[in-house]
Every structure is written in C-alpha cells, then in structure tokens.
Amino acid sequence: MNSRNRITILLLQAAPYLLFLAILLVFGSLSDRFLSLANFTNIVIQAAPVAILAIGMTFVLLTAEIDLSVGAVMYLTGCILGLYLGGVPWPIGLMVVLVASALLGAVNGALVAYLGITSFIATLGTLFIGRGIAMSVSNTASVYFPEAITSLNRATVFGIPSAIVAVAVVFVIAWVLLQQTPFGRQVYAVGQDRDAATKAGLPARRIVFFCFVISGALAGMAGFVSSTQIGAITASYGLQAEFSAIAAAVLGGTSLFGGRGGVKGALFGALLIQTAANGLVIINANPYIYPLVTAGIIFIAVAVDGLRSHMLERLERRFIRPWEIA
Amino acid sequence: MKTNQRADQPLLSVEGITKSFFGVRVLHGVSFELWPGEALGLVGENGSGKSTSMNILGGVHQPDGGRMSLAGQLYAPQSPREAGRAGIAFIHQELNLFPNLSIEENLFITDFPKRGGVPFIDRGWVRKRARELLAEVDLDLPPTRLVGNLAQGERQLVEIAKALHADAKVLILDEPTTSLTRREVERLFAIVNRLKSRGVGIIFISHALEDVMHVCERVTVLRDGAVVGTDLRERLNVPAIISMMVGRSIDAIFPERSTKPREEVALRVRGLTQRGVANDVSFDIRAGEVVGLSGLMGSGRSELARLIFGLDPIESGTIEVAGTRLMRPTPKASMAAGLAFLTEDRRNEGLLMDASIVDNIGLTFLKRFRVGPGFVGGKALNTTAGELARMVHLSTDRVQDTLAKHLSGGNQQKVVIAKWLLRRPKVFILDEPTRGIDVGAKQEVYRIINRLVEEGGAVFLISSEIEEVMGLSDRILTINKGEITGSFERSGFDREAILAAAMAPVGPKREATA
C-alpha cells in the first residue's frame, strides 16, 4: 500500500511534464512553425512577465498563503512609471517601481502576518484598492511608455534578449534565496507547519511578511518587463494575472497547501502556459477557446496538487499497530 | 570519563510543584530527582499529572508553586525555548519535525551556520556536523534524505540528534515506544543507554511498563497529581507498579439503573480487522446493556469506534446491528441500521457552532420532518427539538434562537446527544461523552445513558476515565494496540486487573532481525 501510494505520487508529479509533452506533440503536428527555435525564443520572451510573477507567487504559496493583488500591483506601478517617470533613465524608473511594489507587498504582508487577516481577503482588498488608485491617477486612459523603456525590449545582453536576461536574474536570486539561505529553508518550515515552526522558535510572522514583500517586488518587476514589451497599458492591464501566476507555480509543483515546491517549477509552469497559448495562436484557433484551455490547465494543476497533498497526508498517518504496515 | 565521577548532586530536582487550571488543581506538589546518567521512568494513569509535570519542566506551562533546579542552579523556564537553552530537550509523542525538509535542515532549522560574512548556509559544515550527530544516534542515513521518507523510529532518532546538537543535559521522552516497531524500540534503547553513559539524564514517560522496567534505573509513580512513590527498578515489578497507579477513590456518584440487560444482541462484531488499526476484534452488546471500552492513550479505542461506524474502511470481519448485517459499513448504512456515534471531538465533528439548537438537532434527520418534496416542516421540527431539549435537560428552552456556540460545553454535548436520540438509535457509541464538561453535566449525561438502556438501547461507552467506565458499564472490555485484551463482568470489576489487562503487551514479541 505504501509503495503504491508513492508510485501514484510520482505519477501525479509527472502529470505536468506529460501535459507539456502532449502540448508539444499536438501543436507540433498541427503546425511546422511551432517547433522552431525562433518560436521557442518567442515563447520564452512572452512568458517572461508571468514567469517573474510566478516566482514571486511561489514564495507566498510556500507559506500556505496566496497573493491575489499581483496584477493590480503591475497596473499601479506601471501607471507610476508611465505617468511620472517618463523622463528619468530607466534604471531609476525600475528602482522606483521595485520600491513601490515592495511597499505594496509589505502592506499585504502586514495585513496577513501581523493583523492575521486571511490572505485571500487581504490581497483581494489590496487588489481593488490598487486598481482603484491606478484608474483614478490615469483617468482609466491608456498610459504610454517612453522610447527609453520600450527600446529595452529590443536590447540584448551577449545576444540574449533582455526579457530572458531579466527572468534569469530573478530566477537565480530567488533560487539562491530559497535554497541556500536560512530564510529560504525557514520559509519551507513555516509553510509545512506554522505551529511547529513557531514552537521551534522560528519568526514565522516575519517570514510570511517578507514573502509578501518579495511577491510584491517581483510583481513590479514583471510589470516593468511587460511594459517594455507592450508600450502602453490600459485599465485591463494585469487583469487575472494572479491566476496565471498561481497556475504556473502550482503546475510546477508548488502546493497551495504550503511547504512544497520551488522556483524551478514556477519557470516551467509559466513556459507551459505560454506554450499552450502560443500554439493556439499559431494554429489560428478561435480566440474564445483560449480561456477554456487556460482554465483546463489550471484545473489540472489544482487537481493534481489536491490529490498529491491528500496522498502525502495519508502516508504521514500514524498507526496503532505499526509493525503491520512497514 | 564522566561515568567515573561520582555525582554529588542531582542533575535535576523538582520540589513540590503545584499547578491549577481554571481553578482545578491538577498537581498537588510533585517532587522527584534525576541524577546524571540515569533513566527515570515516569508512570501513571491517564490524567495522573505526567503531562502537566513535563510541560512545566519543558517550559510550556509555569508552575503555581514549588521550585526546580538544574545542575544546582534555580531553574524556572518561561518558554520552551528557554528550557531548550538551559539544556532540557522534550521529545513529544507528536514529533516536531518538518517532513518536507531534509534531515540536516531539520537539525539546524533554527540556527543555520552561515558562511563567513555572507548570508548563505555553510552546507559543508552542516553536512559534516549532521553526519556526526547521526552517527551518535546510530542512524546510517544520508543527511540530505527528506524526513518525510523516514520511518517513525528514524524520525525519533533525528529528534534525539537535534537534542544532542543543543547539548541537552536532560532528555524527556514522552511515550517514545508507542508508534515504534520492536526493532526500532531496541535501537532506541541502545541510544538511551549510550546517552546515559555520557551523563545525560533521561525521563522516560510510558504506559509500556515492560519498556520502563527495561530501560529505567528508577521508577516514579504519579497518581492524582502527586507522587505515590519512587523506587529502584530492582525493588519493583509490573504488578506492584500497577497497584501503585490505581487506588484512587471513586468520587463521582453513578445513578442506579433499574433494568438488567436483555437477551437479544444489539451489536455483534466478529473478527474486525484492519491492518495497522485493529486485529480480530469480536464482541457482543445486548439490548439494555452498557459495555465499556477501557484502554490507554493510543490503544485504538476511538479508531475501533470509527471502524464499527463505517468512518474508516475495514479489511475483514462482520458487524451486525440488531440481527441485520451491515454489508459495507458506511456512516449512512450504519445510521440506517440504528447505530449512533458521538465522536470525541464535538467541536469539529459533532456540532455546527453557528447554527441554532433546532438546526443542530434536526440536521442529520431532516427526512423525518419532510412535508413535501424538498421541504422541511419547521413546526414539527421545532416541537420535537423542544421535547428532546427537555429530555436531555438543556439549560435553555429557546431552541430556535440560541446558537450552539453560546452554550456551555456540557450543554453542547447534550445537543449532540439529542441530535442522535432523534433517530432512536438501537446502539449508541459514546466516545468520551463527558470530556471537558463540568460535574453537574456529567451526572446528566450518566442519567441520559441510563435512560437510554432502560428503554432497551445498547451503549458502547469509551472513556479514558476508568471510574466512569466502571460506574456505568455492565461489562468492560480492555483494548491495547487494537486488540481486545480482556473482558470483565460487573461482579468482577477490579481496577487493578482492568488496568493490567489494558496494559497487557500486544504484538509480535520480537520481529525477525534481518
């Protein structure tokens, strides 16, 4: 029974990879353009904003919380950048965006970690407040970005497109933070069992707080990368971005129940979602089925996560007659 | 070596510790000493004060009176952290490990060594120190292995390794052997002996008296929140310890019952088996009879009830309710056949806190109040709920607008009982029906039980309070490790014999050592 459960868990963990393979096979057989290096580079560039969001979201999900405000943070900091920072050099613009978005994340973190408000509700609140402020400062009109920012989209570093460089930098920092620092390992402990972590003497609240700060800052970063790509934003900018980010993280193996997963998965999940979207465009699919496909992918991700957590819980069960089980 | 030094003062001394919770005194001056390099067994019945004493020692609670000293210094920990820093490591029955992290990460989670001035974990040092610590507890596993992939006994050794890293002087082990296999137990004993030889003092809390006698030099027996006696292992044996543990005066008064059990069998259980949970459990309960189930913590009492009621799957065995066999026991089928089950956890399983008394009572049996397709007749429901509320002596008769959460614990329990009585159950399984309720409410629960059996119902009573089981039951079964270990008729009730049966060793004596 034990080993059967473990095999099922392995299969569940492999499900997103099988899904990715299936997407490659299906679209590859429907179009010759799909499986080309140029198209794949394109997919990675397009996936960059969601990948960065998903990496930030991973921190929050690891602590068994959720951040619904990331799309609003993208929109609000995008408005700040386009409306007030048009004349400054882009590195200063980026710094301001990062600080502003980290502060918004800190608001979420304070509400959740120190005031004890359920993260779903707290971040839903900041979502509407953030969007509200952004719409009022922009008068819901389109906000255009100056050439100094949009030209970054065409910039390369050693021949690598800037969006990919941005994702790579974010990914490496996030990975090191989670895997190689005490803070990162403690994030996992807090997400697994907050009571046990507190009992062991870990500063659980502070850890949760900083995960929201990171998620906020990376939402700003994702917004910046996205701004360079699209040149102008409207009131619908960033809508439902939180769902893509959560779906990407969960598809990559990060659990909604906390304590399991990592940023590698977030990267994979973002690529998977973008690959599916790209394939639909290439085969000229009816645009109205896009949400259905995305919803299907999210559904699979969440179902797999739920099943896996349930199985793990069963494996952790203790028995009165242990010698009969081993 | 340390063993050569003759210790001239105890490592730990506890003098006259008292503690009350909500005005009820649970510790009446507990005193004992622990010497370096010795293992002290701490035994007592459920509720004798073992856990409270150890929680005070471990800094979880603070005592009301008395004093403790550790290695000659006054010791008064205000938190588990402080206790840990002072050198007391408390290994709870529920281990405090993170299954999603590796062994080495669990060992150092609170104080990762950093590399030089940079904030990165010094993985090399962590690995080396983890190997050393694992070697000390004889655990031959890579430090990178996830704790979630370890067996229970291995996890316990990781906790001990963690205590060694913290340089613990006193190691408290709470029921360390209950969820271990025999081989793991032997390994644990070897480690305990090694720690003793290094001068660590061990407090070994256990219901497994054989294990206590095997590993401890001295044994302290607690009863009713006070120490009954402490003696050397050589001067004790298991029956002597058991007779020290019992002998509590029965303070509760149990109402008389006017009827005798009838002939017909209300619940017949035969060969009930589920791997890891229960083994070949067979018994009958007759109509009008109360059968008590007595067992220690972790003996599988509640789990057996869950199996019978169909909450957990069974591998083999049969269950008959009033002559009708339950083919595939599910809660729905059990309820239809006339079984009722009052769980031990009324807050989570038995009651909707934000619903009214009426809604709580009617919820599981709305069918009875159906007035049309999909509609429930409010009037009939209110009347019946009112009657039931009076029958169980609920403190309020405003059954429609009183929410469950506004009732006292005792009255909440009565609502749950009323809910089940509505179905007129043939067999009522009561799991800890009086836990956490006051003496008056207990008396009323006892009266309800009597009334139920006088009307021909059968009751399966599970309780960790042995007086309660003895006071109410016509017959008592004892359970240990998911097996029935004894059966006593009312005329032959004897506390010592019942406790001895509940502690009877169960399971393979020794597994084949590969």
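Cβ coordinates come from backbone N, Cα and C, glycine included.
What you see is a predicted model, and the numbers here were worked out from it, not measured in a lab.
Sequence annotations record features per position, and here TrEMBL assigns transmembrane segment to A:7-31 (among others). Beyond the transmembrane segment (A:7-31), the same-chain residues lying 6 or more positions past its ends with a Cβ under 8 Å from any Cβ of the stretch are 251-253, 268-269, 271-272, 275-276, 278-279, 282-283, 297, 300-301, 304, 307-308, 311-312, 315.
Taken from TrEMBL, the feature transmembrane segment applies to A:43-61 (among others).
Annotation comment: TrEMBL describes A:68-86 (among others) as transmembrane segment.
Annotation comment: TrEMBL describes A:92-117 (among others) as transmembrane segment.
The transmembrane segment annotation in TrEMBL covers A:124-145 (among others). Remote same-chain residues near the transmembrane segment (A:124-145) are listed as 68-69, 71-73, 75-76, 78-83, 86, 104, 107-108, 111, 227-228, 231-235, 242 (criterion: CB distance under 8 Å, separation of at least six residues from the stretch ends).
Per TrEMBL, the feature transmembrane segment maps to A:157-178 (among others). Counting only same-chain residues 6+ beyond the ends of the transmembrane segment (A:157-178), those with a CB under 8 A from a CB of the stretch are 41, 44-45, 47-48, 51-52, 55-56, 58-59, 62, 184, 187-188, 214, 218, 221, 225, 228-229, 262-264, 267.
If you look up TrEMBL, you'll see A:207-225 (among others) marked as transmembrane segment. Within its own chain, the transmembrane segment (A:207-225) is flanked in space by residues 48-50, 52-53, 55-57, 59-60, 62-63, 65, 67, 69-71, 73-75, 77-78, 81, 93-94, 97-98, 100-106, 108-110, 112-114, 163, 166-167, 170, 174, 177, 183, 186-187, 190, 238, 241, which lie at least six positions past its ends and keep a Cβ under 8 Å from the stretch.
Through the fold, the transmembrane segment (A:237-258) approaches residues 13, 16, 19, 49-51, 53-58, 61-75, 78, 127, 190-192, 222-223, 264-270, 272-273, 294, 297-298, 300-302, 305-306, 308-309 of its own chain, all at least 6 residues removed from its boundaries and within a Cβ separation under 8 Å. The transmembrane segment annotation in TrEMBL covers A:237-258 (among others).
Here the transmembrane segment (A:289-307) has long-range neighbours at 12-13, 15-16, 19, 243-244, 246-247, 250-251, 255-257, 269, 272-273, 276-277, 280, meaning same-chain residues at least 6 beyond its ends whose C-beta is under 8 angstroms from one of its own. Summarising the annotation, TrEMBL assigns transmembrane segment to A:289-307 (among others).
Same-chain residues lying 6+ beyond the ends of the transmembrane segment (A:68-86) with a Cβ under 8 Å from its Cβ atoms: 49, 53, 56-57, 92-93, 96-97, 100-101, 104-105, 108, 120, 123-124, 126-131, 133-134, 137-138, 143-146, 149, 215-216, 219-220, 222-224, 226-227, 232-233, 235, 237-242, 245.
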